[in-house]
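What TrEMBL lists as domain 'Cytochrome c assembly protein' is C:13-184. Residues or ranges marked as transmembrane segment in TrEMBL: C:21-44, C:56-84, C:91-115, C:127-146, C:158-177, C:201-221.
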Amino acid sequence: MQRMHRPDFGALMSEPLLQAVNLQCERDQRILFRELSFSILPGTVTRVEGPNGSGKTTLLRILAGLNHGWSGELNWCGASVAGQREVFLRNMLYLGHRPGIKSLLTPMENLRALMAGRRPVSDVTLSQALQGTGLAGYENVPCRNLSAGQQRRVALARLLVADEPLWLLDEVFTAIDADGVKALEALLQQRAAEGGAVLVTTHHDLALPGMHRLVLGAGGVTDER
Amino acid sequence: MNAKAPPAVQLAGSSVGVLAAMKGVFARDMKVAFRQRQDLLNPLLFFIMVVTLFPLGVSPEVSFLREAGAGILWVAALLSVLLSLDHLFRHDFDDGTLEQLVLQPQPLFLLILAKTMAHWMLTGLPLVILTPVLGVMVHLDGNSIAVLCLTLLIGTPVLSLIGAIGAALTLGLRSAGVLLSLLIIPLYIPVLIFGTGTVAAAAEGATVGAYLALMGAFLMLAVTLAPFAAAAALKISLSNG
Amino acid sequence: MWQFFHKLGSPKWFFGISTRFMPWLLAGGIVLLMAGIIWGLAFAPKDYLQGNSYRIIFIHVPTAFIAQSIYIMMASAAIVTLVWRMKLADVFVKAVAPVGLALTFLALFTGAVWGKPTWGTWWIWDARLTSMLILLFLYGGVIALDRAINDEKSAARAVAVLVLVGVVNIPIIKYSVEWWNTLHQPATFKLTEKPSMPAEMWVPLLLSVLGLYLIFGWLACIRMQTEILSREQRTRWVREFVLKGRV
Amino acid sequence: MAFDSFSAFIAMEGHGPYVWACYAVFFILMIATMAGSVRSRKAVIESCRRGYEFEADRSKVAASPAPSASFTRVNVSQD
């Protein structure tokens with residue numbers, strides 16, 4: 001996979017992009033995590049780990065601003081996320097379990113619709129992105145005729161054109177074949193090298209040197225660096 | 001970590017304008033709807049069938065139909081819109097499109113306004129277009145049919161807008177369809193009253209300008225307030241996921 | 001001031017203070033309500049137009065009035081829920097909605113029964129009765145939505161949105177129903193509209209309204225306490241209250 | 001007193017059934033609501049108490065942490 005969007009290194013930054021202070025989340029009368037504090041620095045890949053039900057998905061959704069019902073502080077570039085929601089949303093890309101692909105539309109139309117609210121991207125770039133995820137020749141086939149893995153790749157094509165510095169990727173490796181996983185690993189690494197920050201949950205073993213780990217567990221939270 | 005200097009990243013620039021984003025949402029909904037044309041026809045068929053039930057179930061007499069016709073058509077239109085509301089957010093919710101919509105950097109209520117407009121174009125507008133035919137079938141006179149079409153033209157967007165609140169509130173719940181009707185029907189009552197009342201006034205020869213203006217005020221109120229409520233409701237419903 | 005506000009939102013504080021008030025609310029409510037009702041039933045003069053059937057007014061008006069004001073109170077609490085996220089506010093909405101439903105039903109039932117000797121029919125599409133019927137639907141919707149959502153916090157916020165949407169609609173509904181009423185049946189005479197009511201009538205009416213208000217206050221307190229206990233059962237103060245019987 | 005006798009009070013000049021039916025339903029429903037509220041408060045307190053006692057028992061028994069998952073097959077009788 002080859003990224004289409006190459007950022008120019010104008011703004012040099014070393015302060016944390018996203019900072020969580022004392023996050024606590026309770027669900028159905030059960031505390032998922034408490035006193036969870038961490039910083040996401042530019043140029044890092046962080047893997048959120050933990051057994052099923054430890055709150056990995058919930059954490060990512062909280063960071064993305066989808067879930068309410070938590071307490072603590074979330075800061076974007078040093079200021080509260082709540083006060084600059086639109087700026088934050090413009091700089092954050094979230095891919096969830098459900099990737100946001102309409103089965104009635106073609107990969108091309110899906111990608112175009114997903115980018116429509118973010119930044120103008122030419123169709124040429126979009127089709128290059130689709131080719132980059134191995135969907136060459138499928139650009140104009142309705143997504144419902146594609147396999148689960150191919151549909152997932154449509155969503156991943158977004159990563160090839162994304163300019164958001166922060167990526168929150170929830171179980172993106174699901175239904176992706178071995179080659180795809182390798183390519184995606186390379187992509188994440190490349191993104192980190194460009195200065196982007198990636199937070200990822202997965203049950204795959206990732207072979208990424210220098211990867212950070214954020215471990216959620218029933219017995220409490222450890223933040224390993 | 002490697003010992004290199006911290007890498008640099010540039011923050012993303014300003015996002016697409018609100019209008020362009022709304023257009024994107026609208027265009028996608030229209031495109032999806034036209035890929036699944038059967039779903040577009042269903043509320044229309046339902047509309048026709050409900051109207052058919054009244055002459056069969058109550059009386060085919062011209063005098064009855066002429067008096068009740070506007071009410072029958074309004075109730076049938078209301079029910080058809082109600083029937084279609086369940087789909088307004090459901091598919092988007094199931095495939096994750098809704099999450100992406102909420103995470104777009106533009107104000108959510110405007111994006112919802114775009115979605116609701118698409119919903120109206122796909123359900124309300126066809127109902128209005130079909131109304132003259134059914135109006136003739138229930139023996140309404142020409143003037144009444146014209147006024148009825150006007151009230152539906154102003155009223156059905158209100159139905160879609162208020163309905164969007166209900167659809168957002170019941171998103172992802174069991175038996176959402178029935179619950180949606182329970183929540184929304186009481187809120188539809190004023191529109192129904194003024195819709196049919198205007199036609200009745202026209203039939204008695206009164207001028208209807210004031211009534212239509214009042215319905216226009218309803219529409220303005222719904223356009224300005226309903227998307228906010230629907231956006232708040234949508235965020236709450238998504239928070240469960 | 002802010003501290004007081006914060007304290008007001010604390011379930012524990014509310015639990016303690018309400019326990020102290022509740023006996024007074026209940027006793028005062030029962031005394032006032034019974035005084036109003038007995039006065040109204042046995043001592044108030046007969047209405048020259050409607051005869052003795054008008055004596056239903058001493059429960060019809062209190063139930064109708066309080067049923068409507070409960071919805072307004074719920075809407076105020078809904079704003080507090082959405083803006084300040086105060087726990088007590090959503091406890092209040094959840095606790096009093098069924099009471100509002102019951103009182104709305106009573107207002108409708110007494111109105112319908114009153115209609116029989118007055119209009120000669122059990123139900124007439126009178127503007128007030130119709131508005132009350134729609135209010136009953138609104139309460140039904142609120143309760144149904146609350147039951148349907150499992151997650152407590154989401155349920156509270158969703159219900160708050162619905163209540164606010166409803167309260168914006170109530171004046172519109174009332175106005176439209178009244179307009180519709182004049183359109184379809186001009187000049188029926190209204191059940192509770194009196195040009196001038198003698199003091200022997202309105203004083204007992206006032207007493208029963210106040211009495212029912214106090215009883216509603218008691219009901220709200222006890223139902224809120226129930227809700228608080230079940231929500232906060234993992235806190236230490238509830239544990240102590242349950243095991244040792246004190247707050 | 002607006003009535004001459006107790007029977008006149010009950011009859012209310014023919015309006016008695018309506019008036020008394022209203023008051024009966026009012027009192028029944030109000031008392032039911034109040035009694036129900038009292039009972040559900042007691043029920044919640046009782047269920048809390050049972051919960052605390054159950055927890056207290058369990059904390060004595062379970063000292064060793066259980067594995068997060070064992071995936072042992074459960075035999076299901078198929079009648």
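For all residues, glycine too, the Cβ spot is worked out from N, Cα and C.
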- Query: Could you give the mean pLDDT over the domain 'Cytochrome c assembly protein' (C:13-184), rounded to a whole number?
  - Reply: 90
- Query: Which residues of the same chain, at least 6 past either end of the transmembrane segment (C:127-146), have a Cβ under 8 Å from a Cβ in it?
  - Reply: 64, 67-68, 71, 74, 93-94, 97-98, 100-101, 104-105, 107-108, 111-112, 115, 155, 158-159, 162-163, 166, 170, 173-174, 177-178, 180-181, 190-192
- For the transmembrane segment (C:21-44), could you work out the same-chain residues 6 or more beyond its ends whose Cβ comes under 8 Å from its Cβ atoms? 55, 57-59, 62, 200-201, 203-218, 221-222
- Task: Go through the chain and flag residues at least 6 beyond the ends of the transmembrane segment (C:201-221) whose CB is under 8 A from any CB in it; none is fine as an answer.
- Result: 18, 21-22, 25-26, 28-37, 39-40, 43-45, 47, 57-59, 61-63, 65-66, 70, 92, 95-96, 99, 103, 194
